[in-house]
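Please read the structure below before turning to the comments.
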Ligand SMILES: *[C@@H]1O[C@H](CO)[C@@H](O)[C@H](O)[C@H]1NC(C)=O
Ligand SMILES: *[C@@H]1O[C@H](CO)[C@@H](O)[C@H](O)[C@H]1NC(C)=O
């Protein structure tokens, strides 16, 4: 009897922690399941710690992430240094080989839901080295203040002031960068910040350097409609679930969990702002294929209390999809990666439509077997494929 119960408990635990249903065409499913299981155990533990009032969920996760950081060490191909741009800490990756001409420059912004990560994480450090080496480019990988210590617009402003510093003519010259070949890039929340600063730059009369490209890897682009088809399908996607994404969004603006609750109900946008729904209207902005099986219902306008307290979620600097067509039409050549099994899929797809509608040249790579986080899942085949595509695109276009 005792043994049966034990066995049953073991089976349930294994089922809960190991077996995660994954879409059929995801490759290396067992490896990914193990990875996801680790994340789930960690996330359950830190949720529990939060419930007991020991530590904020995001602070605990960020503490654990510190173990995956690597120091800024140079190798035989790339010199790595840490410095500050306008008091924002950055890592700079300079190719060692001699160059007769000025180099390309890439300003990279890491992801992590505005709460987690750093340029020092092994996976970002590795990517920046590869980029510098293969493209013979100067790569600046920026840090920025994270939630819950800092909220919007702090993240945006850190990134923007570091970028503005880098784009000054004398600074580009000091690093040997060609001002006609500078790009901005980022993944996830970093893609959000990349899209937002690129929009801001074209309206900034003080910055003379124009960006040549922006590269957005599964970016988050709006916090108005949390019920897009990809959000509806998202509870079972690997790595980033719908509920975690909503938590990240709300943490960007506040630690007050009532905003998160309103966002989960999709009732956080007040009536007076309902004209903004046209910019995130998936019924008009998604390709037919992604609408199949879903019926459009615009978010329910809620009380104006949230927008008064946290106006950030209606700000174009947090939600680049809210930009008007005129702003969008001045954007540089754009590269966007979206993944089929990603809650942020439809954000990216809608941005592609909006940019194409105003005549911006967009190169869009959709990974049918892709999921959120795959780009930096070091050692997975899909990460290599995505990074190779991204680097060869930059090679040709930056
Ligand atoms: C440096 O570049 C060479 C030639 O491309 C390559 O074989 C080597 O692995 C690189 N070293 C590192 C540490 O990446
Ligand atoms: C969204 O788009 C659909 C189809 O184009 C349209 O019928 C609907 O009125 C739009 N809703 C909003 C809130 O923009």
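Glycine is treated like the rest: Cβ placed from N, Cα and C.
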State the residue range annotated as transmembrane segment by TrEMBL; the candidates are 5-21, 22-38. 5-21
Could you give me the DSSP helix, strand and coil counts for the domain 'Alpha/beta hydrolase fold-3' (315-375)? 23 helix, 19 strand, 19 coil
C-alpha spacing of residue 372 (active site) relative to residue 188 (active site), in angstrom: 8
How big is the Cα-to-Cα gap, in Å, between residue 342 (active site) and residue 372 (active site)? 5
In chain order, residues whose C-beta lies under 8 angstroms from the C-beta of residue 372 (active site), counting only those at least six residues away in the same chain, are 188, 218, 237, 238, 239, 240, 339, 341, 342, 343, 344
Do you know which of the active-site residues 188, 342, 372 end up with C-beta under 6 Å from ligand 2? none
Reported mean pLDDT - the domain 'Alpha/beta hydrolase fold-3' (315-375): 98
